[in-house]
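See below for the structure under consideration.
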Amino acid sequence: MLFVSCDWPDSQGRLFRSRWLHINTVRCRPVKHWEVTHRVLGITPSGVNFTHRMPGSAPISCLGPWPKDVGIIALELYFPSQYVDQTELEQLDGVSAGKYTVGLGQDRMGFCSDCEDINSLCLTVVQRLMERNSLSYDSVGRLEVGTETIIDKSKSVKTVLMQLFEDSGNTDVEGIDTTNACYGGTAALFNAVNWVESSSWDGRYALVVAGDIAVYATGSARPTGGAGAVAMLVGPNAPLAFERGLRGTHMQHAYDFYKPDMLSEYPVVDGKLSIECYLSALDRCYSVYRNKIHAQWQRDGSEERFSLDDFGFLVFHSPYCKLVQKSLARLMLNDFLSHPNPNTETGPFTGLDAFRDVKPEETYFDRDVEKAFMKASMDLFEKKTKPSLLVSNQNGNMYTPSVYGCLASLIATHTSSQIAGQRVGLFSYGSGFAATLYSLRVTQDHTPGSALDKLVSSLSDLKVRLDSRKKVSPAVFSDNMKLRQETHHLASYVPRSSVDDLFPGTWYLTRVDEKHRREYARSPLSRELPAEPEVVRSGTATEHIPSPAKKMPRIPAAPTSPEAAVSN
């Protein structure tokens, strides 16, 4: 037992003082905090400069008080295999042409039949991510789920997903479900990042899943529905790294959107309040974010002002696409009002002098302000945000995965060289309400075979997958919504919808027994193969259920080739 001198980090990660610790070691010399931590855990080689390889496929460097560049390494997206056309839905609903497509900015809406639920969506997206990235289940040490699609008031979706881990023997997996409307996925992601950067981290990946089925009662809100799930692999040396210390958060109490009726899938919505909450949260989060980045810059000796120009791209939680466009305009309004002497003769603020003295809290529904700044920000929107709306426009609002579907869309519509080195701003909002604006920094390395190149390649088939879905008539869509409404939370129930059109490798619900225990099967990876047996039963903990990952080949990558005022 020997004593060594050890530097410890302050809140900014700077080594600021020494302490004497006694640890078991064969070498008496100064060592850094991170090395001490990992030597005590017994998972690192000796020496100040060292590299530790995780059980998975990605090597990491653990130098200094935190692992380097913690963020998103891989991303997988799932959406239903069927959709309804919004133009046709306008006709069925008897509304004016363009109300959904122009007013909301929505072209198609994906939806689930009664054979899919939140568990099946998350099973599908997790297994696809693991298979497509050749990951072993024992390489995951934390699994977090963000969802508001609650089918059990006690049992988490995460525990259902643990059945995929059984054959690996890995039960040492932290994390459970996080719920707060559409913000749950972001909270789960923050938890995962914080775990990797903490003393609790054991060197393995974190896996974050966000999934929801967004359905509304018949009426003006129904076209803002959708469904889907996202899985994100989190760890060090990520191609999309979190910018440490740059999060602007605003949380406040409001009944803008909530789900008090446990017997119904439908929310209670105050449409006008929901928009006010969303935009006010955006204002506050942007202000906090700018203050924090200004403080960082000042510590580095810079007095530059932060503006939208400092974001390479901006993505938003998207209840509907038109609100996203208004949100970018809103940020330009913030830049304009906070600028000490904006140029209204030339440049982006040309002709906006009449709005110099407006108060932001009085402009949420000011059409003149909205129109002026949407026009002024059009070029920025086309360049920095519109490419992120592919999934939102074609599939609709997915609730917790919404902002991450936008991130996937942004990646899928650019080459690795186009996004390399860029700062990406993300605004996440969940009703009730909770919101954060934060940023990711894309790695500069876009060489073939790099982590960024692999991430971009994995999402290159996104548009092909969207276009391969089956279009159904609005009448069939309405019948599906009615069936879901009538059978929601039924026990001793067998789904009635066909599974023939599901994407290959999709998990689906086969029955709910008399004790509300749910059983699932997986559609074959090839149309010519029989369906996978019903091997996942969320209520049979005593039975050993082999992981489907060991039974099936890896999924090959596909070839490249007036508004409803609702915010969640």
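Just so it is clear, glycine is given a Cβ too, placed from its N, Cα and C backbone atoms.
Quick look at what TrEMBL lists:
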- Glu148: active site, proton donor/acceptor (ACT_SITE)
- Cys182: active site, acyl-thioester intermediate (ACT_SITE)
- His317: active site, proton donor/acceptor (ACT_SITE)
- Ser274, Lys322, Lys326: CoA binding site (BINDING)
- 66-239: domain 'Hydroxymethylglutaryl-coenzyme A synthase N-terminal' (DOMAIN)
- 241-522: domain 'Hydroxymethylglutaryl-coenzyme A synthase C-terminal' (DOMAIN)
- 520-568: region 'Disordered' (REGION)
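Where TrEMBL records a feature, it is marked here on the structure.
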residue : record                                   : CB count, 10 Å
Glu148  : active site, proton donor/acceptor       : 28
Cys182  : active site, acyl-thioester intermediate : 33
Ser274  : CoA binding site                         : 25
His317  : active site, proton donor/acceptor       : 34
Lys322  : CoA binding site                         : 18
Lys326  : CoA binding site                         : 22
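Residues listed for CoA, Ser274, Lys322, Lys326, cover a largest CA to CA span of 15 Å. If you take the CA of the residue listed as 'active site, acyl-thioester intermediate' and look 10 A around it, the recorded positions you hit from Glu148, Ser274, Lys322 are Glu148.
A distance of 15 Å separates the Cα atom of His317 (active site, proton donor/acceptor) from that of Glu148 (active site, proton donor/acceptor). The distance from the Cα of Ser274 (CoA binding site) to the Cα of Glu148 (active site, proton donor/acceptor) comes to 17 Å.
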